[in-house]
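Record features (Swiss-Prot):
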| type | residues | note |
| --- | --- | --- |
| DOMAIN | 1-210 | domain 'RNase H type-2' |
| BINDING | ASP7, GLU8, ASP105 | divalent metal cation binding site |
Amino acid sequence: MKIAGIDEAGRGPVIGPMVIAAVVVDENSLPKLEELKVRDSKKLTPKRREKLFNEILGVLDDYVILELPPDVIGSREGTLNEFEVENFAKALNSLKVKPDVIYADAADVDEERFARELGERLNFEAEVVAKHKADDIFPVVSAASILAKVTRDRAVEKLKEEYGEIGSGYPSDPRTRAFLENYYREHGEFPPIVRKGWKTLKKIAEKVESEKKAEERQATLDRYFRKV
């Protein structure tokens, strides 16, 4: 029997791609994944994730990594959950080795609904099990999580080569916010690596525009008093 796991990395960032990884392994090879001690990618160091990446590939029967650029995410129709279900299905439908059972990390608060909606979009028959924190429960989902996270990390590193320090890309990262504020202040717009429509961008733009107006008012006052 063939078992699949699927997970994403980069759902919440304002910068960079979302990456979805779907993996397939024979049930007889599951102990090999367990021997690698795969687990939720967020609980592993970048160095450990990189090492596991190639080791995981050696155990798999098949895998697909889908990289969704920020412009596609920002211009999507529907909710982020719907977008994720559609692209989970796209990744799974692209597998050459079709699984009999799929374990997925549920993006929906309703696990059964997520499993049902994912199953309805598949072009093959398979049992779908969706759980919250599936990457902590099922090694096959942990493996998918690691492939997705490493791929996103590599993409972010490439962006840093072009744009400098952008942080992790998450709105809560002060480095990311500083980069976006400075870029908007200098260019009057955000770089093409952001996800348009994110509330963070609106807040930053409003903050910078407010600061510019305050600076202009102060400059006007300074000129007036110099004349006086």
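Counting starts with 1 at the first residue shown.
For all residues, glycine too, the Cβ spot is worked out from N, Cα and C.
Each of the binding-site residues ASP7, GLU8, ASP105 was scored by how many other Cβ atoms lie within 10 Å of its Cβ, and the smallest score goes to GLU8. Secondary structure from DSSP puts ASP7 (divalent metal cation binding site) in a beta strand. Predicted-model confidence for the domain 'RNase H type-2' (1-210) is 94, expressed as mean pLDDT.
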